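If you check TrEMBL, you get these features:
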ACT_SITE  His71  active site, proton acceptor
BINDING   Asp72, Val75, Gly77, Asp79, Ser81, Glu93  Ca(2+) 1 binding site
BINDING   Pro168  substrate binding site
BINDING   His198  heme b binding site
BINDING   Thr199, Asp243, Thr246, Asp251  Ca(2+) 2 binding site
DISULFID  Cys40-Cys120  disulfide bond
DISULFID  Cys73-Cys78  disulfide bond
DISULFID  Cys126-Cys319  disulfide bond
DISULFID  Cys205-Cys230  disulfide bond
DOMAIN    30-323  domain 'Plant heme peroxidase family profile'
SIGNAL    1-20  signal peptide
SITE      Arg67  site 'Transition state stabilizer'
Amino acid sequence: MHSMAKAWSLLLHLIILVFGAFVEGSHGSKLSQNYYKSTCPQVLSIVKAKTESILKKKPRMGASLLRLHFHDCFVNGCDGSILLDDDSTFIGEKTALANNNSARGFELVDYIKAEMEKTCPGVVSCADILAIAARDSTVVLGGPSWKVKLGRRDSITASRADANKFIPAPSFTLSALKSNFHAQGLSLKDLVTLSGAHTIGLARCTTFRAHIYNDSNIDPSFAKSLQHKCPRTGKDNIHRRLDLRTPISFDNFYFRNLLKKKGLLRSDQELFNGKSADSLVKKYAADSSKFFKQFTKSMIKMSNIKPLTGNSGQIRINCRKVN
């Protein structure tokens, strides 16, 4: 009788284990740092080596890769949808307002992916490559590091309409920015902190024209110097630095510029404009270590927006098209 009970108990235990594994595989797969430990242990070193070699030649591409990851995550989760070219079934995100003639770095993702396919064919998703490259870019340009959780799968569709709806615009006021980030499960602190990524990179005249001609919360001489480069009409593709002082160093000058009313975009200066974000901007302007520490937390949170896991999506072989 005793051995019978023991056998039942073992069987029950086995059923729970198997069922638990099934549930985990089909729904509840969580992202984890060790996701590729047995299937592609070289994943981090490959992305790091390639990202470093790209940024050595073109440091500005660090901002481009970081921005691609952000624009990917804000449109139906971090699923590599931004990387898809249009096909017969959908109009993708590359021609959305925020991305058209603006989002860059697609060929760099292809370059890293091609290397990955040589070593671990069909294993590592494009979405994960982008998440790692965003972190590595931040580090190469002098910013903080964080442990990237992995296991995202790639979407099999993309949506220009959703990109137009969810990616925040440079014309947004603070309240519009707050509700935009809130829709993604991100707080005011995340908003201010992640905006600090504008410590690197450039922006097109079209994105800051309204701010330099129509807004009053801008340093007059700063506005004038920009007006010389960016006229009211024409020269749409003239680029200026988002951080006028150190555009290829990841530091806290973005926040220090805001205190002097020298934010390039309206959406930048809105973070320091007599409202609820002011105190965080002051804190980060005074202490870059506080900014760095929170940036790692907010990036992990953003990278975790609605990933496809388990059996959802696929592992694309070519990041630009569905298998």
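Note that Cβ sites are derived from N, Cα and C of the backbone, with glycine treated the same way.
Sequence features annotated in TrEMBL and their locations in the structure.
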residue: Cys40; record: disulfide bond; Cβ neighbours (10 Å): 19
residue: Arg67; record: site 'Transition state stabilizer'; Cβ neighbours (10 Å): 23
residue: His71; record: active site, proton acceptor; Cβ neighbours (10 Å): 23
residue: Asp72; record: Ca(2+) 1 binding site; Cβ neighbours (10 Å): 30
residue: Val75; record: Ca(2+) 1 binding site; Cβ neighbours (10 Å): 27
residue: Ser81; record: Ca(2+) 1 binding site; Cβ neighbours (10 Å): 27
residue: Pro168; record: substrate binding site; Cβ neighbours (10 Å): 19
residue: Thr199; record: Ca(2+) 2 binding site; Cβ neighbours (10 Å): 30
residue: Cys230; record: disulfide bond; Cβ neighbours (10 Å): 20
residue: Cys319; record: disulfide bond; Cβ neighbours (10 Å): 22
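Same-chain neighbours of the Ca(2+) 1 site beyond Asp72, Val75, Gly77, Asp79, Ser81, Glu93, judged by a C-beta within 8 angstroms of the site's C-beta center, are, in sequence order, His71, Cys73, Phe74, Asn76, Cys78, Gly80, Ile82, Ser155, Ala158, Asp162, Ala163. For the binding-site residues shown (Asp79, Glu93, Asp243, Asp251), fewest C-beta neighbours within 10 angstroms: Asp251.
Put simply, His198 is the one of the binding-site residues Ser81, His198, Thr199, Asp251 whose Cα lies nearest to the Cα of Cys205 (disulfide bond). Highlighted in sequence order, Ile200, Arg245, Pro247, Ser249, Phe250, Asn252, Phe253, Tyr254 have their Cβ within 8 Å of the centre of the Cβ atoms of Thr199, Asp243, Thr246, Asp251, the residues recorded for Ca(2+) 2, and are not part of that set.
Same-chain residues at least 6 positions away in sequence with a Cβ under 8 Å from that of Cys78 (disulfide bond) are, in sequence order, His69, Asp72, Ala127, Leu130, Ala131, Arg152, Met302, Ser303, Asn304, Ile305, Lys306, Pro307. Note on the domain 'Plant heme peroxidase family profile' (30-323): mean pLDDT across this stretch is 96. For the pair the residue listed as 'substrate binding site' and the residue listed as 'active site, proton acceptor', the C-alpha distance works out to 9 angstrom. Here the Cα atom of Cys319 (disulfide bond) is found 9 Å from that of Ser81 (Ca(2+) 1 binding site).
The recorded positions close to His71 (active site, proton acceptor), defined as a CA atom within 10 A of its CA, are Glu93 out of Glu93, Cys120, His198, Cys230, Thr246. Note on proximity: among Cys73, Asp79, Cys120, Cys126, the recorded positions of the record, the Cα nearest Asp251 (Ca(2+) 2 binding site) is that of Cys73. Of Gly77, Asp79, Glu93, Cys230, all annotated as recorded positions, the residue with the shortest Cα distance to the residue listed as 'heme b binding site' is Cys230.
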